[in-house]
Amino acid sequence: MEITFFGTGAALPTKERNTQAIALNLDPYSNSIWLFDAGEGTQHQILHHSIKLGKINHIFITHMHGDHIYGLPGLLTSRSFQGGENKPLTIVGPRGIKNYVETTLQASLSRLNYPVTFIEIDDQLHYHHEGFTVSAYNLNHGVPSFGYRIEAPTTSGKIDVASLREIGMEPGPKYQEVKNSDSFIFNDKVYQSSDFKGEEKVGPKIAIFGDTMPCENELKLADNADLLVHEATYIDGDRSLADSHHHSHINDVLHLLEATNSKQALLNHISNRYNLSDIDVIYAELQNQYPNLKFKFVRDFDTFEI
């Protein structure tokens, strides 16, 4: 799996950062791409990447602030002409996302040539698709704002070809039965499939947060995650400014990373008060403060394997 950041700034687009948009490539589990938020200019950012709009089959919106949704109407209409025709799309988000999309399309006299399903969240959500589990919990941002926990499916262990050949089974269609069942019959004898394949591989767990100040539901979302994607709007000074705007201070995020035993954090939604050189200096200081934690401030178009 890969995660790509098409927008890493907060509130307003700048020359260095676009507003929020994150793409999650589900390969090798699925041929799909999921998009998290679609700030202004998202479709233009995607033009600079190999991702095609037609492959996006889910869009998850964290909350209804403009820097997270202003790019959605244009992206939806462009999808009609960029490989999305007749390909269903599911949009998940806070209550109001359906009205926002339908109103903007109606006002601009736009029509989509593919079906759209809306799932609106009031408090929490547990959603299953193609073996993935998505859990959403309300955060604390002054408006309904959600974080999403994505759990990839567990995959079967690799077939032990040498062991199967020892019992006389050569590679062929029968191997799929060994891979996908608990037991199989070969030459009138019953075998346990687990004796002929490696251990199951648990899929990665990813938590993608909307804007928030610290709250209890963050712990549920981040628990033992392989990756946290979290806002870092305020990365220096005291936390009073972060609190007054219902955002997190960088120390809150790193404490969350540590408390939940998560493996690493990618930090985005960075205020335009910080330029790139400011961030480099602050990052070096934070690495000295938290030497045992793995974290990184991301930039537009950064891609990471999960």
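The backbone N, Cα and C atoms fix where each Cβ goes, glycine too.
DSSP assigns ASP67 (active site, proton acceptor) to a helical segment in the three-state reduction. Under the heading active site, proton acceptor, Swiss-Prot lists ASP67, citing sequence analysis as support.
HIS65 (Zn(2+) 1 binding site): 21 other CB atoms within 10 A of its CB, across all protein chains. Residues or ranges marked as Zn(2+) 1 binding site by Swiss-Prot on the basis of sequence analysis: HIS63, HIS65, HIS141, ASP211.
In this view, HIS269 (Zn(2+) 2 binding site) is surrounded by 28 other Cβ atoms within 10 Å of its Cβ, with every protein chain counted. Positions annotated as Zn(2+) 2 binding site by Swiss-Prot: ASP67, HIS68, ASP211, HIS269.
Within 8 Å of the centroid defined by the CB atoms of HIS63, HIS65, HIS141, ASP211, the record's Zn(2+) 1 site, lie the Cβ atoms of THR62, MET64, HIS68, LEU139, GLY142, VAL143, SER145, GLY210, THR212, HIS246, excluding the listed residues themselves. Taking the centre of the Cβ atoms of ASP67, HIS68, ASP211, HIS269 as the Zn(2+) 2 site, the nearby residues of that chain (Cβ within 8 Å, site residues left out) are ALA10, ALA11, THR19, GLN20, ASP37, GLY39, THR62, HIS63, HIS65, GLY210, GLU231.
In the three-state DSSP assignment, the secondary structure recorded for ASP211 (Zn(2+) 1 binding site) is coil. Neighbour count (other Cβ atoms within 10 Å of the Cβ, all protein chains): 22 for HIS141 (Zn(2+) 1 binding site). Sequence-distant contacts of ASP211 (Zn(2+) 1 binding site), defined by Cβ-Cβ distance under 8 angstroms and a gap of at least six in the same chain, are THR62, HIS63, HIS65, HIS68, LEU139, HIS141, SER145, GLU231, THR233, HIS246, HIS247, HIS269.
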